[in-house]
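Record features, source Swiss-Prot:
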type: BINDING; residues: R44; note: O2 binding site
type: BINDING; residues: H48, E54, H92; note: Fe cation 1 binding site
type: BINDING; residues: E54, R96, E106; note: substrate binding site
type: BINDING; residues: C121, C124, C158, C161; note: Fe cation 2 binding site
Amino acid sequence: MLIPPINLHAWIEEHRHLLKPPVGNKCIQQDGFIIMVVGGPNARTDYHYDEGPEWFFQLEGEMVLKVQDEGVARDIPIRAGEVFLLPPKVPHSPQRAAGSIGLVIERERLPNEQDGLQWYCPQCNHKLYEAMFPLKNIETDFPPVFDRFYRSLALRTCSQCGHLHPAPERYATVED
């Protein structure tokens, strides 16, 4: 059975209160593609690794898509009305401004594919930690990996330069 069209503007107005930290992300459809509306602000320091492409459409406000491009950290600004297709396997960290709203479309993962979360040292860009996992639910599969990284001084300490990667305030207690 076909799903009726969604009035995206009406959906955003009805759910705007959910598009805020700490998650700021709501899946509106999932059938072959994962279609999400994402609100800002956010303060992500992780990089997402997806074996498929991701399509970004900035509806309101601005965002910066931080990417790791062949070992170099780079910023890609995406403004309201702009779209950007991120190629597969490019680690990326969406940084969304307060009040911003974006639409992100990813294809559902193939059975043999894994998603990843990576962290890089903000001082020297050395990869600190990477976790790969089969993605089942984008809203619930990420938080345990965030918890593991942010609660560990060992994982957050750069082996190259010794810098301690900062953790969000909600991770005030660490397990190491």
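Here the Cβ of each residue, glycine as well, is placed from N, Cα and C on the backbone.
Each residue in Y47, Y49, D50, L65, L86, V90, P91, S93, P94, E106 lies on the same chain as H48, E54, H92 and has a C-beta within 8 Å of the C-beta centroid of that Fe cation 1 site, without being one of the site residues. Restricting the binding-site residues R44, R96, E106, C124 to those with a CA within 10 Å of the CA of E54 (Fe cation 1 binding site) leaves E106, listed by sequence position. Each of the binding-site residues R44, H48, R96 was scored by how many other Cβ atoms lie within 10 Å of its Cβ, and the smallest score goes to R44. Between the binding-site residues C124, C158, the minimum number of other C-beta atoms within 10 Å of a residue's C-beta occurs at C124.
Overall, the recorded substrate-binding residues E54, R96, E106 cover a maximum inter-Cα distance of 18 Å. Taking only the Cα positions, the spacing between H48 (Fe cation 1 binding site) and C161 (Fe cation 2 binding site) is 23 angstrom.
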